[in-house]
2 protein chains.
Amino acid sequence: MTHYAVGLMSGTSLDGVDAALVEISGVNLETKVRLIDFLTIPFLPKMKKQIEKSLSIEESSNALLCSLNVELGEVFGEAVLEICKKNNLDSSTLLFVASHGQTIFHMPNGLDGFVPSTLQLGESSVIAERTKTTVISDFRYRDMAVGGQGAPIVPYSELVLYQDAKVTRILQNIGGIGNATILPSGGETDTLAFDTGPGNMIIDELCRHFYQVEYDDEGNFARQGMVNEEVLESLMAHPYIQKKAPKTTGREDFGKEYTANLLKKYQLSANDWIRTATMFTAKSIAETIAPFAKGKTELIIGGGGSYNKVLIVMLKELLPEMTVKTQEDLGYSSEAKEAIAMAILGNQTYHRLPSNVPSATGAFREVILGKVTYYS
Amino acid sequence: MTHYAVGLMSGTSLDGVDAALVEISGVNLETKVRLIDFLTIPFLPKMKKQIEKSLSIEESSNALLCSLNVELGEVFGEAVLEICKKNNLDSSTLLFVASHGQTIFHMPNGLDGFVPSTLQLGESSVIAERTKTTVISDFRYRDMAVGGQGAPIVPYSELVLYQDAKVTRILQNIGGIGNATILPSGGETDTLAFDTGPGNMIIDELCRHFYQVEYDDEGNFARQGMVNEEVLESLMAHPYIQKKAPKTTGREDFGKEYTANLLKKYQLSANDWIRTATMFTAKSIAETIAPFAKGKTELIIGGGGSYNKVLIVMLKELLPEMTVKTQEDLGYSSEAKEAIAMAILGNQTYHRLPSNVPSATGAFREVILGKVTYYS
């Protein structure tokens, strides 16, 4: 039987919340999912500021996180209502809403004095009340409880959506950070997935710094700059880039502070900086994924970075052995990819079935991800 | 069919985690529950310090809360394993574990710049993995999403356990804070419940300050002191004491800072301070609950405060119109009461049934409380 469901994703780029309305049926690798509609509700500047504060060790507090959890829940609920209304659907008829939540902290390997843990906010109880339907949330914790990194979380959905009988497919998502999933051909499930390093995070930070805009639209700034090889080399020396997969990173490694330090260290023109950072993203992706080409191999790029034309050209040049496509080329919406993934994971949980991929996260077994908040 | 379940409570007194192993069957007001065993796992000093840090707006941070959530989950899981082992039971045969979590922040009415919200920690995914069973957690949020105070949370369990056909019963729990539930006689369900004000919180803080001990054992310090009427009067003038029920308070109102300020303001001997604080607790309870006596009325005292003999005598003197009993007199364990309550609430959620009491919390309707984390 076919049901409607909504997947919600609120990524590290802090743009807002993505909602994907899907038609879904079946379970496991036989899940059939069709995107009906997709929309993004941008965070209001005040909300964005609250989130940024909550991401800082110094500025965050119990009261802030407590309150933000509910405030985000309201925004997430609103996104569901809006996409349902747009499609003349009563949200209470959804089978479920699956919400990733806003990542506030992710330390899969711990940190001095702190144990491995992760924290996503966006209260499911609030979403359930606003939408009058079952909500599935908090997908990452359960994988970490079985020794996984809690990331990447989307590979199961990628197996469902993209695996091909004959072609090795590498899915590269370029959001705030970059993450890749290697899908072997022919129905094998031991996909490998990992964060490649920075996605748009440094580029966006530079655009804000130099131009007070949020991102490099189509790569237009990068197009006018030159790569500074010395700086690039020093960026590529970052310990994360060298580290072996499966590995996971976050805002902590390549965020605001990291970029601020770079700006102090090197004096480049605005566009040279942006092009160098764009090449850093491209090269860190290319070097990490190149060894996984096997037979006919396609690289499929999704996320906000897939709209950066300079970045795509760089990747094509760096990876001549692969066919480089964007998700749009395959008929999928780049933007919607992660929100659709949430719906697929939520569908598994709804049916009390696992959806982590141990070969991707390092978990020692498959588990049912997330928590279920029942509306009725 | 009768099942085993474990309820976990980790209160504002920060003593440790209480685990109640129960036999449970039926649902709604026909729920039958029998306590099999009860134990408390005290927090290690290091854990207690981490919790105290997390309770402070200044000292808490995203990383601390993120990590503490998992660390508490481990302790809670350990408590389940221990009570099961003691009773030769495999934890995987439990129908569920119901965990309240450690309250880190509770602001039912918001706070400047913050929306009404609450935050309990103790990751359910970790408890599920350690115990190999379904975990139900985060009971308070859902009530707040329908306009409730998210507290008190136990009244539904009190209806199940204590309602009498002919006698009005007032249940007074004296933990870190004090809370009362009014159970009308004869099967009516519109119980009223509210926090009366401080429980042992101020007394404990004074014992730590003057004697470096955690509480006033049987009221032995209070017994040797005198009530200072001037200080008592000023304490009773606290706005919360005057406020109308349903109302809810927490560590924020009567915690460490509150007591530290009192100590600066008034100079009394140690035992006079402790007796005065004990009378404050007794009088704030008596004045709040006296108007609810109706026909034959019993006051049943539970929580750590029920072991404070001086406090019990004060309550008997202040409320001569009521028969004052402790939970032990009724054959219930005072200590186990809240952990048993969690099992009763968890049982409702497990069966997708509501368990908030709108007349107690101010919610505009009944809802299914909590989130379900499935082990399999």
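Using the three backbone atoms N, Cα and C, a Cβ is placed for every residue, glycine included.
Copied over from TrEMBL, here are the features:
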type	residues	note
BINDING	B:Gly11, B:Thr12, B:Ser13, B:Leu14, B:Asp15, B:Gly16, B:Val17, B:Asp18	ATP binding site
Discussion item. Neighbours of the ATP site B:Gly11, B:Thr12, B:Ser13, B:Leu14, B:Asp15, B:Gly16, B:Val17, B:Asp18: Cβ within 8 Å of the Cβ centroid, same chain, sequence order.
Written reply: B:Met9, B:Ser10, B:Thr40, B:Phe43, B:Gly175, B:Gly176
Discussion item. On the three-state reduction of DSSP, what should I expect for B:Asp15 (ATP binding site)?
Written reply: coil
Worksheet item: Counting only residues 6+ apart in the same chain, whose Cβ is under 8 Å from the Cβ of B:Gly16 (ATP binding site)?
Response: B:Ser10, B:Thr40, B:Ile41, B:Pro42, B:Phe43
Worksheet, complete the sentence: Among the binding-site residues B:Leu14, B:Val17, the one whose Cβ has the most other Cβ atoms within 10 Å is B:Val17
Worksheet item: When you measure from the Cβ of B:Asp15 (ATP binding site), how many other Cβ atoms are you left with inside 10 Å?
Response: 20
Worksheet item: If you draw a 10 Å sphere on the Cβ of B:Thr12 (ATP binding site), how many other Cβ atoms land inside?
Response: 20
Worksheet, complete the sentence: B:Asp18 (ATP binding site), Cβ-centred 10 Å count of other Cβ atoms over all protein chains shown, is 25
Worksheet, complete the sentence: Excluding its own, the Cβ atoms lying within 10 Å of the Cβ of B:Ser13 (ATP binding site) add up to 19
